[in-house]
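According to TrEMBL:
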BINDING   Ala261, Glu277, Glu281, Glu329  Mg(2+) binding site
DOMAIN    219-358  domain 'Nudix hydrolase'
MOTIF     262-284  motif 'Nudix box'
Amino acid sequence: MTDLFFYGSLRYTPLLEIVLGREASEIDMIEAHLPDHAVHAVVDQAFPMILHMSNVKAQGVLVRGLSDDDIARLVYYEGGFDYDLSQYSLMTETGDTAAGEVFFPAPGLWKAGEPWSLKGWIDKWGAMSLAAAQEVMCHYGKKSAEEIAERFPSIRIRAAARVAAQARAKDAEWDVHKDVVVHKHERPFLNFFAIDEMDLQFRQFDGSLSPVVNRSALLVGRAVVVLPYDPVRDTVLLIQQFRAPAFIAGDPAPWVWEAVAGLVDPGETPEETAKRETIEEAHLELSGLEEAGQVYSSTGSSGEFCHLFVGLADISATVSGAGIDAEGEDIRSQIISFDGLMAMVDAQQIKSLHLLAVAQWLDRHRSRLRAAIC
């Protein structure tokens, strides 16, 4: 049996329960601290790190009597953060000295920020971290820690999207807790995207439960779609890039004209993502954003939820060669008139449903946007 001291996010009992796979009542824990150490946030990350620092103490919890499987589960989960175990002498809340192992970050891997607060972390990152841990630990024994570490950014994006989905308005007629019964839930595929599969029953319109059916969903995250529009010049900016799904589906023309789009990062608002993506993909600074809708890409196959915008901008020249090399993006842009855009709509030349929807929204609100500049 092994004793471990947790100073960071694993002090959050619901998270520790997910990682260990059992309830808190079955975990032997006691408050403790590590002398001459401090816990600080990691810059630009959602987790903390521990530092050697004289005359201070790192508060935490000592978990006792962990089995080999417990340690394996913890190492699997922490493997995504590149932490290693080291032995230290601790002081418990009862004043006793105790030995315990501590997860320490690899030297030079992270940059320390401000002193870390467990409550502040729970308020901002707790729900997302629980959702991410559930996805991580469902692959325990099936995928390596290295595979999980590689996919962890995408796991966090999906986790943040799930938290956002659960915060949306409830249905006045249906209660998913009573009207949907899940018999089996598996995650058979994990890569940049993931697939979840369920055997479930749902409440039918006659009041009865349906037979057990098998359904699956492609899980992506939340996304934004932005159509840059210049109300002074009455022009829009479109981007074109190679789209592998169109090619895989057999389309002979997979270089698709679209609006700017991208996934919402954890901790970002859709508006912040819209501005960031427009800079990355079109080299444009937006002066304003108009909300054009919030929709699923396809309610029959995908959990991707999209925030649609028209982005107001000074579109005076295109800049070629946009996109992020690390993400394999190769993007070119084109400025066209509003009338040219609607001609594309009427000629059914637009393959992107999101672009089609935002173009139609702009058609309905263009007069207001142009009048506002006068």
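Cβ coordinates come from backbone N, Cα and C, glycine included.
All annotation found in TrEMBL is predicted automatically rather than curated by experts.
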Looking only at the motif 'Nudix box' (262-284), what are its DSSP counts of helix, strand and coil residues?
13 helix, 2 strand, 8 coil
Mean pLDDT across the domain 'Nudix hydrolase' (219-358) comes out at 93
10 Å Cβ neighbour count around Ala261 (Mg(2+) binding site)?
22
Other C-beta atoms within 10 angstroms of the C-beta of Glu277 (Mg(2+) binding site) total 22
